[in-house]
């Protein structure tokens with residue numbers, strides 16, 4: 001069977017026409033160092049025929065220089081792109097790869113396993129729908145396996161594929177497989193996963209990755225790829241209320257005025273009643289404008305321009321939401337932080353908080369507790385160090401519109417930015433929202449916003465991806 005193909009034989013136009021309307025699933029691979037995360041992704045790319053001839057030639061050359069599989073091709077090198085990663089044989093940065101099957105398109109994030117790169121792992125998990133947690137069958141559950149399972153839970157990923165790798169090195173022992181699964185289920189019981197699917201596999205040999213293996217006669221489940229093709233994630237996302245942070249006001253002439261942005265959640269159609277935060281003004285959607293023409297309905301992930309039936313004052317930083325479930329306005333946030341800066345975080349610290357498309361001034365009012373990344377237990381704390389996870393209260397200089405993270409991952413998350421370096425210092429998840437009692441603080445003018453925002457903005461997702469080089 002031909003695994004790779006030439007660009008000419010591939011057919012780009014046909015590929016784009018076929019795959020542009022497919023459902024996209026984002027997932028991450030995580031686990032301890034050397035559990036085989038990069039090899040697994042390489043195997044997925046290889047066996048789904050996503051590799052071109054020139055890539056195969058380069059892979060063979062790189063395998064001779066940097067490979068860890070002896071004379072065999074090292075599939076991990078398809079993902080480990082940094083020179084330091086190849087020289088050390090580990091993953092440091094978060095590597096994103098795309099592949100597609102007849103059923104779905106996939107965006108996979110290969111996250112680092114070393115503890116000092118946990119902040120990078122949180123970057124990859126922040127946008128994922130499913131987590132593939134790898135476990136080396138020889139070693140079982142490790143400290144970093146538990147840490148990553150906890151991080152996955154804290155970041156709101158509810159479905160886990162427990163990929164028990166290197167089963168060929170333990171003779172495909174069912175007893176070993178059952179022991180690892182039992183241990184993980186016991187640890188994960190309080191983490192509120194809706195599903196844990198355990199799959200025995202060998203990423204190096206390809207058993208139970210894309211195609212079913214024959215060695216584990218006792219396993220009657222599906223391969224990993226089939227699980228990823230069938231897991232019903234998007235149906236859960238569609239239940240979220242409509243939210244669209246305004247990126248800019250589109251006014252090419254005096255006859256047209258619309259609000260442009262990326263729909264963060266839910267869907268919208270002409271005639272829907274909406275509320276604009278923080279002003280609280282209400283209106284209805286008159287048009288959904290795009291470069292390809294008007295739409296009858298737009299959904300999560302689409303970039304559109306909404307034209308409202310009424311003249312509503314709004315600018316960058318505002319959020320348009322369904323009137324049936326408006327956002328809460330607040331100037332005080334209880335957040336769970338993934339602290340990434342080398343300097344400690346203590347009460348009184350002043351940072352920028354970027355929420356959606358709006359940047360506000362934030363002061364740490366209190367550090368309440370630190371979360372043990374291995375047990376999930378909380379303990380009292382008065383500061384957070386690098387890689388710590390903890391609960392803090394932030395005081396903001398104006399009211400913003402947010403949701404709790406458990407209700408909406410987009411409008412319930414933020415990043416904290418160091419004022420001096422403009423580096424991303426933390427990823428924050430809004431825990432509880434208490435409505436402000438004072439009058440709404442007017443949104444800053446465009447010139448004020450430009451003066452206050454750090455030079456390196458680019459949106460929440462771009463900021464998250466900058467999380468210490470992520």
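The backbone N, Cα and C atoms fix where each Cβ goes, glycine too.
The feature region 'G2', as given by Swiss-Prot for the ranges 84-88, 89-93, 94-98, sits at 89-93.
Beyond its flanks by at least six residues, the region 'G4' (165-168) meets 35-36, 40, 134-138, 176-177, 200-205, 207, 215-216 of its own chain at Cβ-Cβ distances under 8 Å. Assigned with DSSP, the residues of the region 'G1' (31-38) fall into helix, strand and coil as follows: 2 helix, 1 strand, 5 coil. Here the region 'G2' (89-93) returns a mean pLDDT of 43 for the predicted model. Ranking the binding-site residues 31, 34, 37, 111, 167 by the number of CB atoms within 10 A of their own CB puts 37 at the top.
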